[in-house]
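Structure first, then comments.
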Amino acid sequence: MSNDYEASVTPSWLTSDPSVWSSSGDGFTDNATYPSMDSFPPLPPLLVNPWDILLCSSGTLIACENALVVLVIWQNPSLRAPMFLLIGSLALADLLAGLGLVLHFTLAYLLRSDLAQLLTVGLVVASFSASVFSLLAITIDRYLSLYYALTYNSERTAAFTYTMLVLLWGLSLCLGLLPVTGVNCLAEESTCSVVRPLTKNNVAVLSVSFLLLFGLMLQLYVQICKIVMHHAHQIALQHHFLSASPHYVTTRNGVSTLAIILGTFAACWMPFTVYSLVADYTYPPLYTYATLVPATYNSVINPVIYAFRNQDIQKALWLVCCGCIPARVAHRARTPSHV
């Protein structure tokens with residue numbers, strides 16, 4: 001009988017209702033042996049998962065950071081080159097992802113509706129998908145800027161950039177709408193993945209797509225390295241000092257930035273991607289949180305890598321924040337983007 005009592009008050013993190021444990025009373029089967037419920041102090045109406053608080057905090061930081069980047073790019077007409085449009089797309093995607101994490105936390109503990117859960121999870125899926133696709137688009141843009149250096153700023157490049165933006169956001173929207181349009185596990189719990197209400201097949205498709213995108217980004221990075229090495233060799237043949245060449249310094253910075261990007265990208269997303277492929281809803285939720293939280297950190301790091309290191313965005317940021325540009329920033333030699 002005592003075992004039944006203990007089981008009745010054990011919280012479960014596998015349920016979609018965070019307060020379901022507080023209303024469970026099936027263990028009290030013998031009122032002659034145990035006191036009535038009225039003799040116990042009232043239980044708290046909600047139990048907040050500390051991991052959910054951490055995800056909500058990450059979402060708040062993500063939203064604030066990327067909102068600043070979106071505001072700076074939006075308010076400055078000079079930041080309309082294809083490169084800045086892609087950075088803006090990345091910031092907007094991460095901004096929506098941060099808002100999605102905050103909304104999911106708020107609605108999960110206040111509204112506790114299946115429809116609200118589907119909408120917020122769909123928003124998070126679409127936003128993070130757009131973020132990953134934007135990273136790929138920026139990598140492609142960096143490759144084209146080196147491979148077609150003489151014609152990179154042509155109208156054809158701008159048209160290609162707009163095409164990439166339309167495709168990546170359209171595909172991300174379709175992925176985000178899948179849970180809302182019926183591709184979910186609410187009706188059949190056995191098909192759930194590690195992230196409820198996404199199905200195992202849905203998460204598997206997302207994970208495999210991520211691995212393919214990462215492989216493509218890695219291949220583009222290898223090609224960029226080859227181009228940089230070729231350029232360096234040509235400069236050396238012309239008896240120029242490599243360290244004194246602005247073009248070489250810029251491309252070297254771009255390659256080093258890409259290495260940082262790929263490293264942080266893999267470190268943040270790879271654990272959750274691999275785990276979601278091998279696990280399902282029966283696995284302890286702790287493992288899901290432990291791999292999902294680092295994945296959100298990629299959206300925290302993206303503005304630092306892409307936006308805040310760019311000199312044009314730095315100047316615009318100073319103008320937005322304090323209405324002036326420090327001398328050390330204004331007089332710094334202007335170079336192409338380090339992205």
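A Cβ is built for glycine as well, from the same backbone N, Cα and C atoms used for every other residue.
Per TrEMBL, the features are:
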TRANSMEM  51-74  transmembrane segment
DOMAIN    65-306  domain 'G-protein coupled receptors family 1 profile'
TRANSMEM  86-110  transmembrane segment
TRANSMEM  116-138  transmembrane segment
TRANSMEM  159-183  transmembrane segment
TRANSMEM  203-222  transmembrane segment
TRANSMEM  255-274  transmembrane segment
TRANSMEM  286-308  transmembrane segment
Of the listed stretches (51-74, 116-138, 203-222, 255-274, 286-308), which one yields the highest count of Cβ-Cβ distances below 8 Å with the transmembrane segment (159-183)? 116-138
Intrachain neighbours beyond the transmembrane segment (255-274), with Cβ under 8 angstroms and 6 or more residues off its ends: 132, 135, 139, 142, 207, 210-211, 214, 217-218, 221, 224-225, 228, 291-292, 294-298, 301, 305, 309, 338-339
Determine whether the transmembrane segment (51-74) and the transmembrane segment (203-222) share at least three Cβ pairs under 8 Å, counting only pairs 6 or more apart in sequence. no
